[in-house]
Amino acid sequence: MNKSLIIFGIVNITSDSFSDGGRYLAPDAAIAQARKLMAEGADVIDLGPASSNPDAAPVSSDTEIARIAPVLDALKADGIPVSLDSYQPATQAYALSRGVAYLNDIRGFPDAAFYPQLAKSSAKLVVMHSVQDGQADRREAPAGDIMDHIAAFFDARIAALTGAGIKRNRLVLDPGMGFFLGAAPETSLSVLARFDELRLRFDLPVLLSVSRKSFLRALTGRGPGDVGAATLAAELAAAAGGADFIRTHEPRPLRDGLAVLAALKETARIR
């Protein structure tokens, strides 16, 4: 288990996110939720101004910026580190101008025209792999070993980013989960069990985002609001496997579970 594990607390400023759409669309509600997640153990707040679920309507960058602007200002005043979850360069550029600590792109930063601006910034970049371009979709995983597919994606994307002057030590790898890997839950389970291969191959930190994902709902038969136990089990598996970052809707149970894992490890060490 990684002792320096960083927890991203998710705040969806959306009307149609699969698990909490509309709850935090108002700025005051989003700010209050961010502060709550920090009090419950999050290290960073990950603001998502558009849903990535397969049935979500597209959101313009202007709308994304309008949603995040007052929340960013309030969290910055609080000294809270912020990650922006958006794949739109205009939204990313605005967030960089407001001093976000991370950009989290579900498309993995494909727009080479934006690389010079990324290179001038200091934010860390969460580069996510997906079997499709953009929001999640209900499609099958590619043929062959999924880890080979993911590794090939990162080989190409890391080369493109670093070739444009973006320092390698700013990159964080996210293999994707749920519909981002395909409709079958077995694909996500395979990646969850083997993501350490990415850490070994690329010598870069890895972020896992399994919270309330479709593969957990498929495995348990539960709805989005009733997979807390399944989420925690998957997150603790990620932590035990050496994840550097975990992105979650619920930091408190994760922190509690991590404390138990750490205590068990220490007990085993001194026996």
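We count from 1, first residue shown onward.
Using N, Cα and C of the backbone, Cβ positions are placed for all residues, glycine too.
Per Swiss-Prot, these features apply:
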- 1-259: domain 'Pterin-binding' (DOMAIN)
- Asn12, Arg247: 4-aminobenzoate binding site (BINDING)
- Asn12: Mg(2+) binding site (BINDING)
- Asn12, Phe18, Ser51, Ser52, Arg247, His249: diphosphate binding site (BINDING)
- Ser52, Asp85, Asn104, Asp174, Phe179, Lys213, Ser214: 7,8-dihydropteroate binding site (BINDING)
- Asp85, Asn104, Asp174, Lys213, Arg247, Thr248, His249: (7,8-dihydropterin-6-yl)methyl diphosphate binding site (BINDING)
- Asn104, Asp174, Lys213: 6-hydroxymethyl-7,8-dihydropterin binding site (BINDING)
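On the structure: features taken from Swiss-Prot.
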residue : record                           : DSSP (3 states)
Asn12   : 4-aminobenzoate binding site     : strand
Ser51   : diphosphate binding site         : coil
Asp85   : 7,8-dihydropteroate binding site : strand
Asn104  : 7,8-dihydropteroate binding site : strand
Asp174  : 7,8-dihydropteroate binding site : strand
Phe179  : 7,8-dihydropteroate binding site : helix
Lys213  : 7,8-dihydropteroate binding site : coil
Arg247  : 4-aminobenzoate binding site     : strand
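Here Thr248 ((7,8-dihydropterin-6-yl)methyl diphosphate binding site) comes close to Ile7, Phe8, Gly9, Ile10, Ala42, Ser209, Ser211, Thr231, Glu235, Leu254: these same-chain residues lie at least six apart in sequence, with C-beta atoms under 8 angstroms from its C-beta. Cβ packing within 10 Å was compared across the binding-site residues Lys213, Arg247, His249, and the lowest neighbour count falls to His249. In sequence order, Phe8, Asp46, Ser83, Leu84, Asp85, Ser86, Val126, Met128, Asp174, Arg247 constitute the residues six or more apart from Asn104 (7,8-dihydropteroate binding site) in its chain with CB-CB distances below 8 Å. The two recorded residues, Lys213 (7,8-dihydropteroate binding site) and His249 (diphosphate binding site), show a Cα separation of 11 Å. The most densely surrounded of the binding-site residues Asn12, Ser51, Ser52, Ser214, judged by C-beta neighbours within 10 angstroms, is Asn12. Across the residues annotated as binding 7,8-dihydropteroate (Ser52, Asp85, Asn104, Asp174, Phe179, Lys213, Ser214), the widest Cα-Cα separation comes to 20 Å. Across the structure, Ser214 (7,8-dihydropteroate binding site) and Ser51 (diphosphate binding site) are spaced 14 Å apart at their Cα atoms. The (7,8-dihydropterin-6-yl)methyl diphosphate-binding residues named in the record, Asp85, Asn104, Asp174, Lys213, Arg247, Thr248, His249, extend over a maximum Cα to Cα distance of 17 Å.
Site extent for 6-hydroxymethyl-7,8-dihydropterin: the farthest pair of Cα atoms among Asn104, Asp174, Lys213 sits 17 Å apart. Confidence for the domain 'Pterin-binding' (1-259), expressed as mean pLDDT, is 93. Take the mean position of the Cβ atoms of Asn104, Asp174, Lys213, the recorded 6-hydroxymethyl-7,8-dihydropterin site; other residues of that chain with a Cβ within 8 Å of it are Ile106, Val126, Met128, Gly176, Met177, Phe180, Leu207, Leu208, Ser209, Arg247.
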